[in-house]
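Listed features, source TrEMBL:
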TRANSMEM  6-29  transmembrane segment
TRANSMEM  50-70  transmembrane segment
TRANSMEM  82-99  transmembrane segment
TRANSMEM  106-127  transmembrane segment
TRANSMEM  147-168  transmembrane segment
TRANSMEM  180-198  transmembrane segment
DOMAIN    189-324  domain 'O-antigen ligase-related'
TRANSMEM  204-220  transmembrane segment
TRANSMEM  225-243  transmembrane segment
TRANSMEM  311-331  transmembrane segment
TRANSMEM  343-362  transmembrane segment
TRANSMEM  368-386  transmembrane segment
Amino acid sequence: SYLLRFNIGFLPTTFLEVMIIILIFIWFIKKIKNINLAVSWQKIKDLLGLQNLIIIGLFVISATIAVFIASDTRAAWGAWKAYFIEPIILFFIFLDIFSKRDIPKILLSLALSAFLVSALAIIQKFTGWFVPYTFWGKDNTFRVTSFYGYPNAIGLYLGPIIPLLVFYAAHLTKEFKKNIFLIFFLLLVIIFSLLAIFWANSTGAIMGLLLGIIITGFFYKKTIFVSILLLLIFSSVIYFNILPSNISDTLLLKDWSGQVRVKMWTETFEMLKHNFIFGPGLSNYQTAVAPYHIWSFVEIFQYPHNLILNFWSEIGLLGLFSFLALVIIFLKKIIFTFRQNQNKFLLFGLIWSMFVILIHGLVDVPYFKNDLAILFWLIFGLLFLYKKN
């Protein structure tokens, strides 16, 4: 729904944003009407803790500063509300209205959305419907795009959802006969999603899923040895160049796509030397990096395709450090929650999901899209629901 774009006054917006604003408005009116807005806010504060709220506040402050630094404030305000304000308010509402017992409903909603995205991608594979001309190659081969305008968007969205569904399905096997149809549906969605990512040729998502599950194993005593062994095997395969040359070149960034990224990162570092503290501002990367652009025959992308450089360029060092602090909070809370809960299935899914985002983010943009920003805060929120009855 965020692909349906239009303007409200001078601000660009999307159908997804309009739905979010309506939801926020209804929630706010209900709280005012029942005179319990302060109660809800206190509940959210108690759930998150003051330290976490301060870090979220710094994240928002850094984004707000970035609006005034940007040369195009109209585009900057649009990014500010779409990637920061709306997702974070939605995160607060999420914590207010949902509890631990609602987690299955939330996961089922994610499964339904993943099914729609992956099903269209599979249809495209056999028909070529709606695949942009840009992604057609020789011999009528192409990369599927589903509802999106580019293939990697499939991996960016489905990649973090797959781990949640895998461990949810594993949890349901405890009562297999009772949940057989739901388990079958989840397995279908997982298979469809993996096929969609494979046919989109989203290497970042594939590597995120593979390395993410290996790293997740380090969080559980019984699987640490297996994770170490798998990591050694993976490292050996890369080091001794056992893989076919095309796969090896992709992983080592020696192919065309990898070389473009390396060149882009070089340009970005040069640009950031002159915008070190605050970055060039929200939605201003393309303009700021243009004087440093080396390969004139390659387009300037909207973002530098690296998690660190994305946040540094968009919202400065304060924004980058506050985002990294959020990730550290997430991992610390995962470890703490592990010790207190017998049911660890969702926790495994959340760890794996976060590492998919971080690993894929090394070569892509896993936050600065409406759906991806909301997905990040939803994953963050699911962890805090574990505390809430």
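Note that Cβ sites are derived from N, Cα and C of the backbone, with glycine treated the same way.
Note that the coordinates shown come from a computational prediction; the quantities given were computed from them, not determined experimentally.
Long-range contacts of the transmembrane segment (50-70) within its own chain (CB-CB distance under 8 A, at least 6 residues past either end) are made by residues 76-77, 80, 83-85, 88, 278-284, 314-316, 318-319, 322-323, 325-326, 329.
The largest share of C-beta pairs under 8 angstroms with the transmembrane segment (147-168) comes from 368-386, of the ranges 82-99, 225-243, 311-331, 368-386. Outside the transmembrane segment (343-362), and at least 6 residues removed from its termini, the chain residues within Cβ reach (under 8 Å) are 103, 155-156, 159-168, 170-171, 204-205, 207-209, 211-213, 215-216, 219-220, 306-307, 310, 327, 330-331, 334, 337, 376, 379, 382-383, 386. Counting residues per DSSP class in helix, strand and coil order gives 98 helix, 0 strand, 38 coil for the domain 'O-antigen ligase-related' (189-324). Among the listed stretches 180-198, 204-220, 225-243, 311-331, 368-386, the one sharing the most Cβ pairs under 8 Å with the transmembrane segment (82-99) is 368-386.
Beyond the ends of the transmembrane segment (180-198), by six or more residues, the same chain brings 108, 111, 114-115, 117-119, 121-122, 125, 144, 146, 154-155, 158-159, 161-162, 165-166, 168-169, 172-173, 205-206, 209 to within a C-beta distance below 8 angstroms of the stretch.
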